[in-house]
């Protein structure tokens, strides 16, 4: 305490109201990060005072009056913690509550302090038999600990927690295990005050006197935390009531008595003391606190006054303070003349940049009590009066008990209007003349412009939620082409965890990831849960589909079955309240780590680093340096995802500092330097540690998580063209440099450094307009880098699940804080542009096709025979007959409407149960070489035994006689046949391929349901009827058998070729349909066995398919569009 220290200001604290009596101050403390002094009173009210003048800043009710006085404060960067007898309160410094924690176990809490986890966790205790650990972020009790003593004060010093007991003892607790490692006897009564700093602990307390009961001891006890021994006490003859250790001078303490006498002493030399006296007049001292900076202290008296002492020239509270946020200054409105003729729009609106409070989100708006419907005028004009009112004759214009909608919410601009079903369009086109058809086509073109409309928040409609609608014909009747007229396929929704669609699209259009995924998929990998294989299958399907809709069901099913996906909150069903932007960023980190690990399992690495690691890994060395002793430890570090870190709020708000560029943000994020508390092996205690990364190399694909959490970061992204489409990176002697714009061009012109140029491939964006829309994710992707044309131009597309549209680059990279923000960004080296590697097609590992994988003995050769490598190796054009059987894994969801109609919300979900593939030609034509039963691990709703031939137990590995294999095992065989160029022959294959989740080009499909079809009859014929009518065979007598169905389809194809060669195809088809009309298209003796079970679509049974048909032309492609087989020359 210097000579110029004196009392600077006295603040009177009184509760709200007109002249109420003063409420005693129960505790107070200086803020550790801002120029604030916090006080709490006996009624639970918390008040803060700002700066040396002690101006009132905030005041709020932290605890109920019944909870008693506020006992203690603790401070974090985000807020203020306070504790009372039965509750713990956490609020922002502005007074807004973050959480308030109560529990029946909180009976008499007294104190709290931070644990070894820093400000993330606190330990609370009191005069009761339990202590509690509380998570500060979540506001929940995470652990309950039994305790033998009752604690009243708790202080932390280094690795110890010092707790004063109710009986005057001091317990020294280990901050990690919270076990008592030393007990001191401090005072014979209770302890009035205690403080600990560095290596010293000082206490004041009470002792009993014969005549005066309990009195303050005339000394202060001192203990060494270094040796855990008691030192000589410091005398203080007027009675030591309060003691505080100086925050900067480790051996200096300030002792105060209740009458206001203060003494500054050196614990190592107690004889040299500096005395001061506080003028208290008619009160006594109730509290004493030292500022963290050591430049001020405060005293509270019994009259609710706070006295601030310090040097007028140096006084400040924390050592390093952050700016305190104040309310905006309200500008008084200008005076204006007001009359009845003054228009209201002259008042105007204040400038605002956030959603107004009056703009309620859609999920908070509810319709209650619709107005009654208006009575028809014809009824009112014919009413007759009676004693009980009026009555009129019913005009019979409405149905009985018909519900009338009297309030329609205007939602036309909030969601995309679904198109007509294909069956509706087909029926409508048949009834229109040519002129009317052109008019309808023009109207549909105008309807397509609806995708370019905007909602009430200026959100383009193409960003809205898209949903699949289902008619009685199932999903095949939905017009996906309305949403996508590009050569790039979208991904369907209504699949669990389909929020990952946007990220999977981003991987598919990143050539380096795409090439390695397909290279791994072509390897002999047979791990059941390999996500990299599933990613390769999905990418190959998207490329082959070339604009047709696809679904990622197999990938998402494998992903959902991973146990660590649940613990990381990556599954929608287990994380309903987690924001999608957080889930997709966590998924990005998880998938990159997983596929890198899986790639290393199959393909060799050089020096421990695989090709996938070189593509994805940022190699770095992480160093941790102790701020106290400068001891430094270095360890290797690598990461697949770099998370962007933004400047602090006060830096972003400073208008004199220029806004940071994207390259500056990226540099600070990659070289991320943090300060945190950690264990120093040299100091042998927790110290402030400085963490820093030294970059060794950067990958070919730079994956970034936007990690936007503050409003200032959102405003940064809203700056036009803030996100560059090209960046340059230089790594030199461990330093990471990033450039963009003119700086990048300048470095490229100079050519001094080896600079890697990256181009932006795409962005996953979070869309949250709030207008009757659920938050969802979209991807804006530049398809130019993944084009096979070396000179392909940049073309940006929006991928909103199955909606795909070309958009300008400006629109793709435009972000709005209110509804569109980036989540994941992908940059790829420009040297990898257009490097599409298809060499995997020549390196397919086909060993799975020639081996018997079951432990059961091989079936007889007349029932099953594996392919012979030398004579039967699959080749382009080799025909194979295929049929699959399915089971129902989930029932359909149906909504019954008030008018009695039903609408399918989500169709039933089926799973592959058995797949059989037979030879299509050669000596053993018709003999199967694949007949796999698929093991099922999830619950089966219905085995559909009558239509699938699958019985309970057939798909269980423990009980099945068929040795079922994994879905991936069976799928890979079909995938290999597809990429070897085989032609698949079967009946109604579209539904089979969709459930299997594989896309086969039309040139490789021979579908007998399309061969024996006349468009004029609008009905497709089932396999059993065709076998009876064309082949004169009876099939499916007892149950369905996939081998029998596949060989029957093969025979029908051969018979079709005979009809074509003989030139009698058309009369034969007419005869077949004529015969079918006579027997109702059922094979005699079949009864109703061929009717479909509830929930199965017509496509799967070979019935009427709603897709629009055109007259086939001879020589066209196969599959219902042409007559010639792809096998014929």
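Numbers run from 1 along the shown chain.
Just so you know, glycine gets a Cβ as well, placed from its N, Cα and C.
Source: prediction; values computed, not measured.
Swiss-Prot annotations:
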- 20-60: repeat 'WD 1' (REPEAT)
- 104-146: repeat 'WD 2' (REPEAT)
- 148-183: repeat 'WD 3' (REPEAT)
- 186-226: repeat 'WD 4' (REPEAT)
- 280-319: repeat 'WD 5' (REPEAT)
- 320-457: region 'Linker' (REGION)
- 458-830: domain 'USP' (DOMAIN)
- 880-1052: domain 'Exonuclease' (DOMAIN)
- 883, 885, 992, 1045: divalent metal cation binding site (BINDING)
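Mapped onto this structure are the features recorded in Swiss-Prot.
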residue: 883; record: divalent metal cation binding site; DSSP class: strand
residue: 992; record: divalent metal cation binding site; DSSP class: helix
residue: 1045; record: divalent metal cation binding site; DSSP class: helix
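Of the recorded ranges 20-60, 104-146, 186-226, the repeat 'WD 5' (280-319) has the largest number of C-beta contacts under 8 angstroms with 20-60.
For the recorded divalent metal cation site, residues 883, 885, 992, 1045 set the reference point as the centre of their Cβ atoms, and the other residues of that chain within 8 Å of it by Cβ are 882, 884, 914, 915, 916, 986, 987, 1040, 1042, 1046. Long-range contacts of the repeat 'WD 2' (104-146) within the same chain: residues 71-72, 74, 76-77, 81, 83-88, 90, 98, 152-156, 159, 161, 163, 166, 175-176, 178, 676-677, 686, each at least 6 residues beyond the stretch ends and with a Cβ under 8 Å from a Cβ of the stretch. Summarising model confidence by region, the repeat 'WD 4' (186-226) averages a pLDDT of 90.
Note on the repeat 'WD 2' (104-146): DSSP counts are 0 helix, 29 strand, 14 coil. Every protein chain shown contributes to the tally, and the Cβ of residue 992 (divalent metal cation binding site) ends up with 24 other Cβ atoms within 10 Å. Under DSSP, residues within the repeat 'WD 1' (20-60) fall into helix, strand and coil as 0 helix, 24 strand, 17 coil.
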